[in-house]
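Look at Swiss-Prot and you will find 112-321 tagged as domain 'TLC', backed by sequence analysis. Swiss-Prot lists N55 with the feature N-linked glycosylation site, giving sequence analysis as the kind of evidence. Residues or ranges marked as region 'Disordered' in Swiss-Prot: 332-370. What Swiss-Prot lists as topological domain 'Cytoplasmic' is 1-22, 97-119, 181-191, 236-250, 309-370. Per Swiss-Prot, the feature topological domain 'Extracellular' maps to 44-75, 141-159, 210-214, 272-287; the stated evidence is a curator's inference. Per Swiss-Prot, the feature transmembrane segment maps to 23-43, 76-96, 120-140, 160-180, 192-209, 215-235, 251-271, 288-308; the stated evidence is sequence analysis.
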Amino acid sequence: MAFRRRTKSYPLFSQEFIIHNHADIGFCLVLCVLIGLMFEVTAKTAFLFILPQYNISVPTADSETVHYHYGPKDLVTILFYVVITIIFHAVVQEYILDKISKRLHLSKVKHSKFNESGQLLVFHLSAVAWCFYVIVTEGYLTNPRSLWEDYPHVYLSFQVKFFYLGQLAYWLHSLPELYFQKVRKEEVPRQLQYICLYLLHITGAYLLNLSRLGLILLLLQYSTEALFHMARLFHFADENNERLFNAWAAVFGVTRLFILTLAVLTIGFGLARVENQVFDPEKGNFNTLPCRLGMLLLVCVAQAWLMWRFIHSQLRHWREYWKEQSAKRRVSAVPRPPAKLLKREPGYHENGVVKAENGTSSRTKKLKSP
């Protein structure tokens with residue numbers, strides 16, 4: 001991992017060199033961009049990497065407000081923050097997770113899952129706090145109608161656009177991390193599934209101008225995932241601790257219900273009542289019946305798939321639990337053979353011979369015939 005002292009050196013630009021120094025390489029790239037801000041010739045290009053693009057001034061009653069919309073240049077900004085996320089990933093791994101895992105003495109399989117849950121817990125907790133702050137400051141909680149009113153929501157505030165760029169950067173950085181962390185081949189398909197699922201939903205909400213609904217749904221989803229990974233980490237520390245898993249199981253089903261309800265209310269009923277129902281990609285308007293059905297179908301299929309995986313894992317967990325309980329009952333039900341009582345002769349042993357209490361041998365002496 002990055003930033004640690006190494007005694008072994010690898011050939012320059014070899015596979016092992018890149019894996020062990022990927023965060024240092026990323027730090028050098030970020031430093032080059034920051035140095036570019038110091039010179040007038042390269043400052044404009046450097047700002048392209050750092051700041052969100054496509055800003056526009058919208059006149060208001062008092063003054064002008066700067067808003068943003070999306071475009072191809074967002075890919076450059078996302079790439080820059082992918083590199084920054086890789087650096088933060090390495091810092092969390094080395095200075096937090098590695099120190100904790102050394103004390104727990106985990107196996108290789110559990111160590112891999114511990115690192116995965118540790119990284120995702122840090123991300124989900126920070127994303128929940130960030131998302132909640134954006135939702136409160138934008139006033140989406142106090143005015144639920146704002147989720148579909150004035151659609152399409154083409155113009156975004158700085159914090160909303162930056163939040164979406166940060167989310168896309170994090171989940172895109174997870175793809176090369178599968179290579180950098182040397183994830184086992186058996187774990188790669190499972191991790192690719194939820195990475196692609198997040199990328200699909202976040203990109204869809206961003207490009208289809210459903211950013212307000214996307215913020216609410218991400219807040220619900222991230223809160224549930226944070227509870228799951230927290231329960232998983234506590235389980236590694238104490239295998240008998242199942243309370244957080246039980247709490248997560250209850251919250252998981254409720255979250256699926258809330259997500260489906262919000263999606264149906266916003267897309268199925270809210271957008272259906274908006275007057276502007278014309279398919280116009282140039283203006284960012286996708287409020288037509290086929291588009292709404294496609295959005296709802298995507299959300300419903302994703303939630304049904306997550307619920308099916310949850311039920312399947314819970315049933316497997318219960319089967320394993322009852323097998324262990326039945327095995328314990330069988331062991332306790334097996335009758336033990338009664339212990340044989342050995343009759344001890346009076347006296348004590350000396351050199352393998354039983355002596356009587358008066359010091360003589362307990363064996364009967366043969367009388368010599370006269």
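A Cβ is built for glycine as well, from the same backbone N, Cα and C atoms used for every other residue.
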Report summary line: Counted with DSSP (H/G/I as helix, E/B as strand, rest coil), the topological domain 'Extracellular' (210-214) has 4 helix, 0 strand, 1 coil
**Report entry** For the topological domain 'Extracellular' (44-75), sequence-distant contacts whose Cβ falls under 8 Å of one of its Cβ atoms, 6 or more beyond its ends
**Finding:** 33-34, 36-37, 154-158, 161-162, 165, 206-207, 284
Query - DSSP helix/strand/coil residue counts for the topological domain 'Cytoplasmic' (236-250) - result: 10 helix, 0 strand, 5 coil
Requested in this report: Write out how many residues of the topological domain 'Cytoplasmic' (181-191) are helix, how many strand and how many coil, based on DSSP.
Outcome: 4 helix, 0 strand, 7 coil
**Report entry** Whole-number mean of pLDDT values that fall within the topological domain 'Extracellular' (44-75)
**Finding:** 89
Query raised in the report: DSSP says what for the topological domain 'Extracellular' (141-159): how many helix, strand, coil residues?
Result: 6 helix, 1 strand, 12 coil
